[in-house]
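Going by Swiss-Prot, these are the annotated features:
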REGION    62-223  region 'Transglycosylase'
ACT_SITE  E91  active site, proton donor
REGION    297-611  region 'Transpeptidase'
ACT_SITE  S370  active site, acyl-ester intermediate
REGION    652-719  region 'Disordered'
COMPBIAS  654-719  compositional bias 'Low complexity'
Amino acid sequence: MNKPTILRLIKYLSISFLSLVIAAIVLGGGVFFYYVSKAPSLSESKLVATTSSKIYDNKNQLIADLGSERRVNAQANDIPTDLVKAIVSIEDHRFFDHRGIDTIRILGAFLRNLQSNSLQGGSALTQQLIKLTYFSTSTSDQTISRKAQEAWLAIQLEQKATKQEILTYYINKVYMSNGNYGMQTAAQNYYGKDLNNLSLPQLALLAGMPQAPNQYDPYSHPEAAQDRRNLVLSEMKNQGYISAEQYEKAVNTPITDGLQSLKSASNYPAYMDNYLKEVINQVEEETGYNLLTTGMDVYTNVDQEAQKHLWDIYNTDEYVAYPDDELQVASTIVDVSNGKVIAQLGARHQSSNVSFGINQAVETNRDWGSTMKPITDYAPALEYGVYESTATIVHDEPYNYPGTNTPVYNWDRGYFGNITLQYALQQSRNVPAVETLNKVGLNRAKTFLNGLGIDYPSIHYSNAISSNTTESDKKYGASSEKMAAAYAAFANGGTYYKPMYIHKVVFSDGSEKEFSNVGTRAMKETTAYMMTDMMKTVLSYGTGRNAYLAWLPQAGKTGTSNYTDEEIENHIKTSQFVAPDELFAGYTRKYSMAVWTGYSNRLTPLVGNGLTVAAKVYRSMMTYLSEGSNPEDWNIPEGLYRNGEFVFKNGARSTWSSPAPQQPPSTESSSSSSDSSTSQSSSTTPSTNNSTTTNPNNNTQQSNTTPDQQNQNPQPAQP
């Protein structure tokens, strides 16, 4: 190829490339202007507006008007320079250099997204203000069209307002936790001072809160708040806004420095605080909007009377005799037909001064013990055909965790030998549970749990009798919310419904979004019925006698977690039976409820009557919900048949010779309720060799046992 030909080829390619670039620019520009033509109009009234959201219960009665409680706007000349430096350091280094969008930041975010295959933001401070004012923050709404509109409005705002005015809008717009809107409001209520009278570390704390105000709340999460404050200070030092000496002094200042006691900021009943926190979270999850900064009407699923009654059960001795005021309770109640959360409460004696603090009802940081057995072991075994009846014989005998030399112990260190599946669950024996999980297989059990809304990063044989996991963060493991929803699938015949706190949102422009819960099939109807039939006996003759009600068809399971040998030796130092957590999960045809009890400090043990509180809270609440409602029992579905006390799948051979029916619980001792812990005679629940129980080491509590009762011998419940 000669030189002139090469030159012509280069010229042709150059022109073609340039044409493509121009075409791309024109096309991109056309698309951009199409998107921005649909953007909302920039309005100062929206930038400075005091928004509020009204929250309603399931009867459309107003519960709360959020956003109207506390808002004191700062004036531009009252904003200290150190606060401005702190905000731009942590949020937008080049705020004073760009005109609404930071192209360098956008390019950096783009490159990081390519490298990590994830989505990272490149929004400048002005764009954040626009987003807070006009748009959803949901990841699913981070579309090209939305980003184009956001950038366009940011550029427009930069042309119409000064940097100082934009900062003032932002400072007054952001939510600052505990019912405080705007940084001036937070300064007054956290420190009793105006912004211009705060110290450097105090201003750094406020500057760092808007990205996750409840997570960085210095009252509820002081460690996280301190880490965030110190990150802000580090950025200020890196940007040259403060000296190394100022930095060292500030980071060594206690996070509590200057904090005053919170005053109640809420205009809603204290018993609604935990529930409203979950409403806020679910609204943002489902719509992308934060109702604390975006005005809307939210219609929830809470039964306010039930919520109030649950509060009364927690905070009076009228229903349950609590051993002390420090023992804590967390529970969730769902409608089994649709997953609607009708009531939820995360603690007793909650401070009225903290809004939207920790809600233990949704936390997964405590162990749910043997309440996991029905959903991890026995239901999967029935679902996948490992067992064909509730009379299937399982083995309660010396057994090691599969693949190890570590023995599985029952709570009493004894063994019942060959027993029925029903009796193993009724008496909460650990060995048959672990053996069953081994037969099911870890992968199939994990899949089954996922179908019930419970996930683990990985599952282990110890999960046969506990929910312990080292990775929690609310995603993994169990909580009262997750367990109530999971057990609801037993109650309704096998369908899992995601817990729902909201059913409709009406936005400020009049548009509506409704939320229906279709549900997904988690197990066969036959599996759900067989599990229910077995768990009925847990309340009648097993470990759940404190929840028993003679007139109410219901089923459930107890749970108890354990201390390690090291914890007992170093911290507990008692020969009494103790536990860090006591649980109960149960249900009727209408409602499912899960209850956690324990102390905030896990090393404070439950002992004596404290170990009966979970079941008694459940019984009190189910009594309230079910009295006068003519509660119905479950009907045996097609595909099953009954032989005496047991249920068999069609086609399964019934070789079991049924004994005489179990004696129903006595109604003559109802005055003592189920508070009695006196051992009575054993029920007649079958075991092929109950008389040969062995107990090699009855006095030692081991870390891997999961006891659910204090009495060695099974006894009928008292109504």
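Backbone N, Cα and C atoms are what each Cβ position is placed from, and that goes for glycine too.
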Most crowded position, judged by CB atoms within 10 A, among E91, S370 as active-site residues: S370
Confidence summary (mean pLDDT) of the region 'Transglycosylase' (62-223): 83
Integer Å distance between the CA atoms belonging to the residue listed as 'active site, acyl-ester intermediate' and E91 (active site, proton donor): 46
